[in-house]
Amino acid sequence: AVPTETTTTCDGNHVHRLSCDIGVISVQTALYGREDSETCIEGKSLQQISNTECSLLGAVDVLKSRCDGKKVCELSTNIFRPSDPCSDTYKYLQTKYNCFPAIYLVTCEHSVAHLHCDVGQVISVYNADYGRNDHTTCSYERVPSQIQNRDCSNPTSKVAESCSGKNNCTIEASNLVFGDPCVGIYKYLEVAYVCQYPSIV
């Protein structure tokens, strides 16, 4: 069985960071709110931590869409602020995730991604995202304005549509293929996939 990792981040513009040394992130559960009176209590009043039945609906969907299939995923707890489930309670974000054993590929904009499997195996795309989530990936010889937007994400099914079920596959990382989620920003394509033997029906 794949061990489950847990990351907990107290509220207040802190960075919630998930990462996998081997494989890619697969989010299992996510809580934004408060379910106990032990987590993130330093310097807080009893009133701020007494409500232990507070959770934001849909937090797990946000984490899955932003983090599944990536090696590293960072987001601010502030993204949940507009839909605060309990305004008087001091909250935290807690995510449980596994590191799913997949092949992880990054392709800079205008380059071509090559997905391939051993003979007899076919590609099964786990996740794909075209955009920019940090300042460092695909940043060589780029001016700062082209890599400044880190919150540019465009999960896409186009890689799965083009490549799933094939032994090998090429797809260009370009706005023509995926559209442009953030104009003027130099983007990259992240793909996580596994190779498997075709299921015999």
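A Cβ is built for glycine as well, from the same backbone N, Cα and C atoms used for every other residue.
It should be emphasised that the depicted structure is a prediction, and the values quoted were computed from it without experimental measurement.
What Swiss-Prot records for this protein:
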- Cys10-Cys40: disulfide bond (DISULFID)
- Cys20-Cys99: disulfide bond (DISULFID)
- Cys54-Cys86: disulfide bond (DISULFID)
- Cys67-Cys73: disulfide bond (DISULFID)
- Cys108-Cys138: disulfide bond (DISULFID)
- Cys117-Cys195: disulfide bond (DISULFID)
- Cys152-Cys182: disulfide bond (DISULFID)
- Cys163-Cys169: disulfide bond (DISULFID)
- 18-100: domain 'SUEL-type lectin 1' (DOMAIN)
- 107-196: domain 'SUEL-type lectin 2' (DOMAIN)
- Asn168: N-linked glycosylation site (CARBOHYD)
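Feature map: annotations from Swiss-Prot on the structure.
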residue : record         : Cβ contacts under 8 Å, 6 or more apart
Cys10   : disulfide bond : Cys40, Thr77, Tyr90, Tyr92
Cys20   : disulfide bond : Lys71, Val72, Cys99, Phe100
Cys54   : disulfide bond : Gly33, Arg34, Glu35, Pro85, Cys86, Thr89, Lys91
Cys73   : disulfide bond : Arg17, Leu18, Ser19, Ile25, Arg66, Cys67, Asn133
Cys117  : disulfide bond : Ile123, Asn167, Asn168, Cys195
Cys138  : disulfide bond : Val106, Cys108, Glu109, Arg132, Ile147, Tyr186, Lys187, Tyr188
Cys169  : disulfide bond : His114, Leu115, His116, Ile123, Ser162, Cys163
Cys182  : disulfide bond : Gly131, Arg132, Asn149, Cys152
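Taken as a whole, the domain 'SUEL-type lectin 2' (107-196) shows an average pLDDT of 94 in this prediction. The number of other Cβ atoms within 10 Å of the Cβ belonging to Cys86 (disulfide bond), over all protein chains shown, comes to 14.
Counting neighbouring Cβ atoms within 10 Å of each of the disulfide-bonded residues (Cys108, Cys163), the lowest count belongs to Cys108. Between the disulfide-bonded residues Cys40, Cys67, Cys99, Cys152, Cys67 has the most other Cβ atoms inside 10 Å of its own Cβ, all protein chains included. Secondary structure at Cys86 (disulfide bond), taken from DSSP and collapsed to helix, strand or coil, is coil.
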